[in-house]
Amino acid sequence: MATLAPIPHPPGWPWLGNIFDLDPEDSLKAIDAFAKQYGGIYTLTFFGNTLTIINSHAIAQELLDERRFHKSVVNNALETIRCLTGDALFTAYHGEENWGIAHRILVPAFGPASILGMFDDMYDILSQLVLKWERFGPKHAIDPADDFTRLAFDTIAYCAMSHRLNSFYTEGVPPFVAAMGSFLRESDGRASRPWFLTWLMRARNAKYEEDQRKMNELARQIVEERRANPGTRKDLLTAMLEGRDPQTGKTLTDENIMQQMITFLIAGHETTSGFLSFMMFYILSNPDVYAKLRAEVDAVVGQERMRPEHLSRLPYMTAVMRETMRLKSTIPMFIVTPFEDEVIGGKYLVKKGENLFVGVMNIHRDKEVYGEDAEEFKPERMMDGKFEALPPKAWIPFGNGQRACIGRAFAWQEAQLALTTLFQKFDFRLADPEYKLQINQTLTIKPKNLRIYATPRKDTTFNLGLAPTPSAVRPSKGTVPVETVVVDSKLKPMHVFFGSNTGSCEMFAQRLANDAPAYGFRATLGTLDSTKSEIPSDGPVVIITASFEGEPPDNAGQFVKYIEGVPGANAPFSDVRYAVFGCGNRDWVHTYQRIPKLVDATLASKGAQRLLERGEADAGGEGFFESFDDWESKLWPVLVETFGAVASKDPTAGLDVNMSAPTKRASTLRQEDAQLGTVLENKLLTKPGAIGSAKRHLEFKLPEGMSYRSGDYLAILPTNPVSSVRRVLARFNLTPEQEITISSSTPTTLPVGQPVNISDLFSGYVELAQPATRKNIEALIRRAPETGKTHDALLQLLVDYVPAVLEKRLSVLHLVETYQDIDITLSVFLTMLPAMRVRQYSISSSPLWDPTRVTLTIGVLREAALGDSQELFQGVASSYLASLAPGDRVQMAVRPSAAAFHLPADPAIPVVMFASGSGIAPMRGFMQERAAQKATGREVGKTILFYGCRSPEYDFLYGDAELASWVAQGVVEVRPAFSRATERSEGCRYVQDRVLHDREDVIEAFCRNAKFYTCGSIRVAVGVKAACMSIIEDLLKSEAHSNEHDPNVKTADDFWAKLVNERYAADIFG
């Protein structure tokens, strides 16, 4: 038995311990000094609590053995943070169920293919940083830590959650970032402070709560926006909202989703921004490194914009990044604890549950591993095989084992893209050549007071070039799972199995299965665990798998256990013919390809026939996808020859696709004139921070042969929000994949006589948000218990029908959700729902601009919760339109507006327009038409637009572009009314106020036989009429006018009626 020794410990004060040895602003300095004094392990005490800190690689190797130790989130700063992040990935306790569920759902979203798919979005955000530094000019001292924080913060929000935070367009520190920094500092302080001292700090406690509120508010906002506008992006947020754990079948709760989001927003930007900042310091402090790095960027990328294939061709940059991570890991420590009492270092006893701090930065400077120059920045130590030759666990900036950073590949690609592009564009130098590195510390670290100059390079013509990057991922030849395709009896059987956590191996396996019919094979596809008791022998077996820290993927563990456990005598797999392809990352050098190698070797050693040498792809190296392409190109000839398959010349062999008419839904719903148009553009018009509904501009390519006039409507056939469909499925215990067949003895707008997907049915054929009718409620009463709360509540709804149901917009769906004891079948529920109807929107363009294209200007309806529900009310059509992306096909038809709501045939006739909010839509079409007429030399009459909105900065639609241009061209005069900025609109709050203010112009236009148009809500129309009536009454009283007007017009009402009949048209909504 080993002789135990006490762990070294610096002297301290009674009870207070070593509290005075640490600078609260930079505690790492003292921890580093103690490491030099006391060696590989020592303890510190604070208020009676003991911290054991490990600084040597030799001892750390023991602590990183996950069979003996696991991550600790107990009695440390991470546990303090749980008040905000709960059981999210970073702060979950060991073994906590939600960690496993979330990890299995989220790992595929961080796989190589997914990360590569984020390349253009990363470049989009990076371009904002480049443009900012370019505008600053060469004499502005840049704070790289601040701007890299904005870059990383906006990047994780946009790439992972499709949410633009626009940090580069706001002054000061983003509120979330400020709250996060304050929160993390206080959390760190609370972890080492006696509870009663924290309790006494009332102001700090209030700030702590407020910081949490701000961060939760952003997370909630992002989730609510996504639920209202699901869209088609398959990002991290989609995975969390829609994903289901493959092991347990469970999903993530909304609370956990928000906690995960906050975790990603914190961890995903705080560490990457520090990494980039430290990298800039080391590069600019070492001229030889600077010169080599820039030469490599120029040689590899040159003056073109960076593409994904460049990522793996920058070995010196990779070395610079690894060396930076070695010297300044942005998370300088992580904490583990033993499962049982353990002796480490051969003589130090540590107790079960005791927190042990793994000092990453000091382990990375261990001279036993890195030599006497371990303190120096030398990228060369990470090149030419030296990195791969490091001992296990000698480079651990991303943590260890199953709790290592899930976003490693994301951060690496983001940093590499940023560094390359910045060095393409700028020359850099330190603002203070004598600057010595200082540390700003929370739970992570960043450089403090570092400033740099960025001068645009004169020796290059590089520009950002924001066109989308061609994808490096080869598209699959088909997306239909092979099990469902038409089977040719001549095809040979083939079996494709995959082991995959991130989705890459599954993607490769699907490609093989899709390609199989073209080479004469009928493929089945499954996980490795699906064949854990018998390997097929009637055809080739292709295995594609990965390793994770040397262990099998979640869906391959049972298979590996099976093949290892089968006795090797008598060649048990002698009838099996197989090939193996492995995925991995060479950064995990000691476990790289362990499972693919094990599977390959085990099968061969137990009699199986290897058809092709094992292939491999390195996710961290060059040509991850190309490696599979090369291996696949060798595989098929071997399989065809070995099994006598007949390859087809048709690349789609095995697929038989029959499509229904694209307008079938419209036809079923009796919208026979609907045709398919195409979305060309969908952009947000209102600025971030705007109050009220978001306003969007959409542009469509019209169906062939469809035409319109300015002022007409575009009828849109929408679909229900995905969240509403999910509510139906949950209420009736259905799954999205289920199909039903409907039969009806009466005419119906439902699809009858054929199988229809349940999600498609409730998405596109019925209205889910329409208020329940009295008849609906009476039917529900008949299906509710005869007595009790539900019966009484439904009766009361009948009594108070208008305020309780109509005004609150309570739908049948809401009622059957709220009262679960209503015994209602799916068929009865369907009979209560009205058919999906088209929505008409005023067209906001003119055919003189382009007769084949049309635009809409819409407000996205999202209002307060319904009754006691927490479900936001969403406008069906506006939410549908908001979710569309360029290329989407939309059922549409042009419908003519009232004859009076068109411009006069003579463009010389003056026009006066009144509108507010999205009511500007037809007016924009009118102005666009008059601009086109004026451009051809035609005389255009005076045109005035009275327009109401809240603010010139946030929701003055088209104000800073088209309206300004048309004003400058003399096409229109704009008279705004800003309800929240009246000082900018002559003191006028609403449209009617501005009309009265500019009454002389209105009178002059009337006298010149102008036509008047109103578009907006009922409130706007009433206000405009009241203002006009006031002007009319003054006119009737004036002697100058008394002899001019029609003698039959004796009152203001008569005057208004005559005006409406001859020269006034209105389009009122809401």
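Every residue gets a Cβ built from N, Cα and C, even glycine.
Predicted automatically and left uncurated, TrEMBL annotations should be read as such.
Residues or ranges marked as heme binding site in TrEMBL: Cys405.
Listed by sequence, the residues of this chain that lie at least six past the ends of the coiled coil (201-228) yet keep a Cβ under 8 A from its Cβ atoms are 83-84, 157, 161-163, 175-176, 179-180, 182-183, 186, 237-238, 241, 254, 257-259, 261-262, 265, 721-723, 860, 862, 872, 874, 879, 882. According to TrEMBL, the feature coiled coil maps to 201-228.
Taken from TrEMBL, the feature domain 'Flavodoxin-like' applies to 494-636. According to DSSP, the secondary structure content of the domain 'Flavodoxin-like' (494-636) in residues is 54 helix, 39 strand, 50 coil.
Positions annotated as domain 'FAD-binding FR-type' by TrEMBL: 672-904.
Counting only residues at least six positions away in the same chain, the Cβ atoms of Ala267, Thr271, Phe398, Gly399, Ala411 sit under 8 Å from the Cβ of Cys405 (heme binding site). In this model, the coiled coil (201-228) carries an average pLDDT of 88.
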